[in-house]
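Student: In case it's useful when we look at the structure, here is the feature table from TrEMBL:
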| type | residues | note |
| --- | --- | --- |
| TRANSMEM | 42-63 | transmembrane segment |
| TRANSMEM | 88-110 | transmembrane segment |
| TRANSMEM | 122-142 | transmembrane segment |
| TRANSMEM | 162-181 | transmembrane segment |
| TRANSMEM | 193-213 | transmembrane segment |
| DOMAIN | 228-486 | domain 'GP-PDE' |
| TRANSMEM | 499-518 | transmembrane segment |
Amino acid sequence: MVKHQPLQVYERQLCLSCLTGIYGCRWKRYQRSHDDSSKWECSWFLILCSSFLLLLVWSYFWWEAHNDYNEFNWLLYNRSGEWSDGTVPILTTTLVGFSYTAFLMILAFCHIALGQQLNLYWIHKIGVLAVLLTTITGVVSIDDLWRDEWDIVLISLQSTGPFLHIGAVAAVTALGWLVAGQVVRGDRTRFQVLLLLVYLFVLLALYLAPFAISSPCIMDRADLKTRPAVIGRRGAPMLAPENTVMSFNKALQQKVSAFEADVTISMDGVPFLMRDQTLRRTTDVARLFPKRQHDDASLFNWTEIRSLSAGLWFLRDDPYWTVQFMSTKDRNRAGNQTVCSLLELLRLATRTNRSVIFSLRRPPPQHPRYQLWIKDVQKTIQRSGIQSEQVMWTLDWYRKTVRAAVPLLQQTSEERLPVEELKERSSHTLSLHYSQATVREIRRLSRSNVSLNVYPVNEPWLYSVLWCSGVQSVSSDAPQILRKVPHPIWIMSPDEYCLIWITSDLISAAIVIGIFIFQKWRMSGMRSYNPEQIMLSAVVRRPSRDVNIMKEKLIFSEINNGVSSTDELSIYTEHGYEGYTRDGISR
């Protein structure tokens, strides 16, 4: 009795079934194919790649924009009139979309690596298209609402550029396995040649990318300037309600060098601290004066303003997600805070030997102090007993009047002006938004003995970049975070960076060459199988994947040559699927 060994032994391929099932809903073996993907499916793969790359940039933007989340929410409040954290839905949808497209990208690359035909399931096609359209809508909306924030991407590259370069080189090097598998397979086609040229071009561009990377943190450690002073912007608004006595006391605990505040004039001529044009966001004016809640903040007298709570909103809205970390004592204190006057702030600065920077908002024309607002502030400064040298006035109007009344008062500017014009205005301090403080501008001002203050700086990476650039001081909503940055996050000399750059490029080139050589050897080894070797290997319980593929090719070649008969074996192809039927052979 002769025992016949089967020509093809199938193994359970659970991983491959899950791979093709999740990506294309092809759970059966006969539904898979090693044929080339159709142009339609290749187009969907390109759409998937485009969605992933766009979401990657979008996610990076919001990751770095963390420095300005509160500014974004404040911008939304000024447009809608209602306070809400608009970053939460954006970050949630971004995380879900990025995870989804990244997962599909991994599955697609696995299909390519295993030689499986791409066939994205229609539900995934709808999902990818929805993600792409949603991301494009978000980009357009942010460009219309918050266009200036795109600058954060270019600025952040000064901190992350060297590390993103190494990560990109590693990622493209890993893709070399897939590219090599496509290029060395079969005869050379235009697609294979084009794929190889594009891959080599991208790889070469990455190798040379450091020529375009510029970071102030690539410098000799001996050239590092002293640590920039930290100014409490409206106190410490993450730890206590902004522009309140409690907030400034919290800022003192974080060792700030100065206070920064926004000043408005009341109906009876009392300067008080208020950032918004109305009292709705930071007080309970809607409860005490519901009919006047939309009125300008300066159209209230000091008695009415003092009766408002300036802390309950902080506990209710939790604008920085920090209330849960406050002690019970601090929560009670925050709930009892009132609007702070400029006189209280100046006296606090006098007792603690701190400086004060304030911006003054002129009241509307119908205001009774419309012509006297400058004098009201000058009298308040004189009553506080603070030294004039400790007060910095950012107002660009009435400079001559202010200088005549208080000659020693420090005047700063928020305009990016030539050094000569700054000196004509007797302004030796410049306060700029971080997007305007380029490295070249910072060093130019430093050579001209003009002190530069940059705002708002809430993230360690931005503080580190400005430190390496030579900034003298920064205004921050998070002095408690910057206090934990005793030195720049990273700093390396140009020689060290060149060594890392060249080493990573050489290692990548060696790995890519090795991958192409290995893939070439692997494919040549598969082609060297002959029918006798394949027939003998059929007795092995667990043949290798390469041998199984060659066995299937042998079956098809025998059928095409007319070797098989309908009594022994029949094969059919339907809808691009491959299957086996025989009285003794099942699917």
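We count from 1, first residue shown onward.
Placement of Cβ uses the backbone N, Cα and C atoms for every residue, glycine included.
All TrEMBL annotations are machine predictions without curation.
The model shown is predicted, which means the values in this text are computed figures rather than measured ones.
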Student: Most CB pairs under 8 Å with the transmembrane segment (499-518): which of 42-63, 88-110, 122-142, 162-181, 193-213?
Tutor: 162-181
Student: Averaged over the domain 'GP-PDE' (228-486), what pLDDT does the prediction give?
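Tutor: It averages 89.
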Student: Against which stretches of its own chain does the transmembrane segment (122-142) lie, if we need a Cβ under 8 Å and a gap of at least six residues from its ends?
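Tutor: Apart from its flanks, the transmembrane segment (122-142) reaches 23, 44, 47-48, 50-51, 54-55, 58, 61, 90, 93, 97, 100-101, 104, 149.
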